[in-house]
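This report refers to the structure that appears directly beneath it.
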Number of protein chains: 2
Amino acid sequence: MPLMKSWVKTANSADCPFPLNNLPYGVFETADMDPRCGVAIGDMILDCQAAEEAGLLDLSGEPLFDVPFWNEVMEEGPELWAALRARLTEILAEGSADQAEAEAFLVPQADATMLMPFLVSEYTDFYAGRHHAYNVGCMFRDPENALPPNWLHIPIGYNGRASSVVVSGTDIRRPWGQLKSPDHALPAFLPCRRFDLELEMGAIVGTASDGPITLDEADKAIFGYVLLNDWSARDIQAWEYQPLGPFQAKATATSISPWIVTKPALEPFRCNTPAREFELLPHLRDTGPMLYDIDLSVSLAPAGKAATQIAQTNYKEMYYSSAQQLAHHTTSGCPMNVGDLLGSGTISGATKSERGSLLELSWGGKEPLTLDTGETRSFLEDGDTLTLSGAAHGDGYTIGFGTCTGTILPALDDPYKR
Amino acid sequence: MPLMKSWVKTANSADCPFPLNNLPYGVFETADMDPRCGVAIGDMILDCQAAEEAGLLDLSGEPLFDVPFWNEVMEEGPELWAALRARLTEILAEGSADQAEAEAFLVPQADATMLMPFLVSEYTDFYAGRHHAYNVGCMFRDPENALPPNWLHIPIGYNGRASSVVVSGTDIRRPWGQLKSPDHALPAFLPCRRFDLELEMGAIVGTASDGPITLDEADKAIFGYVLLNDWSARDIQAWEYQPLGPFQAKATATSISPWIVTKPALEPFRCNTPAREFELLPHLRDTGPMLYDIDLSVSLAPAGKAATQIAQTNYKEMYYSSAQQLAHHTTSGCPMNVGDLLGSGTISGATKSERGSLLELSWGGKEPLTLDTGETRSFLEDGDTLTLSGAAHGDGYTIGFGTCTGTILPALDDPYKR
């Protein structure tokens, strides 16, 4: 599929993240406008609320865009999703009969502040990148037993905290927590010293279910994808995680990129999961390509200084697809709801420059990373701005995710002082 | 405090679970009535929606009872909570001027079906009963190292799945899951063979927070308590839980009792946490009695047969209070919302008959339990009905929680067949 041309001219370049082929969904506000749903096209946003009020987007008979989140569209189901995409494509395509009317509903992205694109029902994070799991296993166990025995058979996941999911651009306050250093007998309550990022993709559940679903049903149930940074307090995690898993270490914040890139935009980039040592059990076995070829990178900018790209990898490095994660999530009968968010798990490639966390990049702090500015990093410092970027590269066009950023604020002197 | 007398005569006996001293909050429907909020008094329910519409409960100027859940009352905050309780007490007290009018709004409990009393925002389960943690540690590790190193310093918890919380009376379908028995090299996807209950209390967060809160703030933020049964698939858990904790093993269902017993009703039953080997860090250190003296029991009835009481214990056996759990939950800055549910963790006492799970009662299946019917149980069988009961016993009155029940349905032959 080539670049599809739009009458929004900035959308028609090979490196524009938001061509007509993409049409990602977000929520924005401006100085003059309350929060509302919008669609990115070139350097503009189509104001869906205004377009709907003008009768340009009358798809279901009921208003879809009278609320500032995409959950209502998701609730309508895949037929509406397809009809909406088709209609948006028609409106924004070069030569569209709707151009004159729709032009009035375009807002420059430069004037907009992006907000959370959907209400997160529940949030689950997985541990499904093989290189990441291997690296972590080497550090905390040994290379011979790096992967836990279950790892090659199920996508290991744990429930996270939906209340802590924030949109890109939200500052991240370094947390306090209970820590115990190996050279102390007792724990202490202190600001986190090993605060980290995790480069992930987030899959958004668009169709509810109330019992086990097949892999194909799971693939169909996913509405779209975002970039996701699962901020992690490694020292809090080390002390708390046995035996029931990470808890406060992962509860400070999880940032997501503001634009939901939908499955149809990613369709040309489907690819297979890697070769497996053990065939998966039938309910998890691949039925087709359900991963995506999406280039990902991480940059770190110290306060007031230039950014250094610290990692570059690809979503296709995952061992399990989001569809496999969602199918596994339902095996016990667990009800899934519209707006559930599934983090892929940290995405790392085989080489050092492809590692999606500072834990891996600095090998637990033993091999600090040198930035282009000359500074070194084992873990995040106050004032650091982290930026995840992602894009799938087609033949003469780009499907961009935009960025997912966050700046580390220093821990409060006294977290209990109001 | 003695028994407070009501003009609803059935509320005036020492063993009635719902005297005027209690006034627990639920949601019910009848053959003629849509779901609505109600307050238990004796063997009746005061229909809050009808009482509000008649002007008997005009507390905030805005309707509180136009929705079938208690979240809106919680949102109003502690002053409204106190005013509502005072007004309900006034209406229902012996000699009330409102008796004639309020009598029309009473519905027999026998005619009502109880529904979920509130919308669960997120659900967290803890592991904060010392005897339970010790027993499990003895079984899976060894008596010398039964408690993990962190256990005496923080209330270990993990995020559960809010979508799986159901009200008492909901049938529980035995789940399928990925299991690996020790005598097989590879896992298999099978119905759970070691399905279990967990006797817990659930604390309901009534006040939202957006950063660390103190223990006193946490105690104030709790709206009330319910009985909670965290159904657990032990064989799924054994295979999946390393390294990130329980996931599908706990996602089939968690049952709660339908009546929220509020903090003021429990005030006379406050008691201290047990003596500690290690003083807690200041942010978790007890500032007053925040546990409650509540007698708890579990009974098991095989299909069509009489129930056997299989355990009897008390909520005061917990090592950490719900306030300590909530305070810990916020240390990293984790935002808490109205309607968050915190499971206490399994409550077991020191002796065998006080164990709150079949895992402990049958010692991992090695010492099957004999029921009064002569049958034995290691874990739950299809058709078994489990009933948790709870009550605080005052001087001539009872603060009852009612019961929390569930019947085990057989696993589906094929979980993917529609």
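Just so it is clear, glycine is given a Cβ too, placed from its N, Cα and C backbone atoms.
TrEMBL annotates A:LYS250, A:THR254 as Mg(2+)-binding residues; of A:ASP230, A:ASP235, the candidate listed for that same site is A:ASP230. Between the candidates A:TYR127, A:TYR225, TrEMBL assigns the substrate site shared with A:ARG141, A:GLN237, A:TYR241, A:THR346 to A:TYR127.
What TrEMBL records for the Ca(2+) site is A:GLU198, A:GLU200, A:ASP230, and among A:ASP125, A:ASP142, A:ASP293, A:ASP295 the residue it adds there is A:ASP125. In the predicted model, the domain 'Fumarylacetoacetase N-terminal' (A:21-117) has a mean pLDDT of 97. When secondary structure is read from DSSP and collapsed to three states, A:TYR241 (substrate binding site) falls in the coil class. Secondary structure of the domain 'Fumarylacetoacetase N-terminal' (A:21-117) per DSSP (helix as H, G, I; strand as E, B; remaining residues coil): 35 helix, 22 strand, 40 coil.
A straight line from the CA of A:ARG141 (substrate binding site) to the CA of A:HIS132 (active site, proton acceptor) spans 13 Å.
Listed recorded positions (A:HIS132, A:GLU198, A:TYR241, A:THR254, A:THR346) with a CB under 8 Å from any chain B CB: A:TYR241. Comparing A:GLU198 (Ca(2+) binding site) with A:LYS250 (Mg(2+) binding site), their Cα atoms are 10 Å apart once rounded. Packing around A:ASP230 (Ca(2+) binding site) is summarised by its Cβ count: 27 other Cβ atoms lie within 10 angstroms of its Cβ, all protein chains included.
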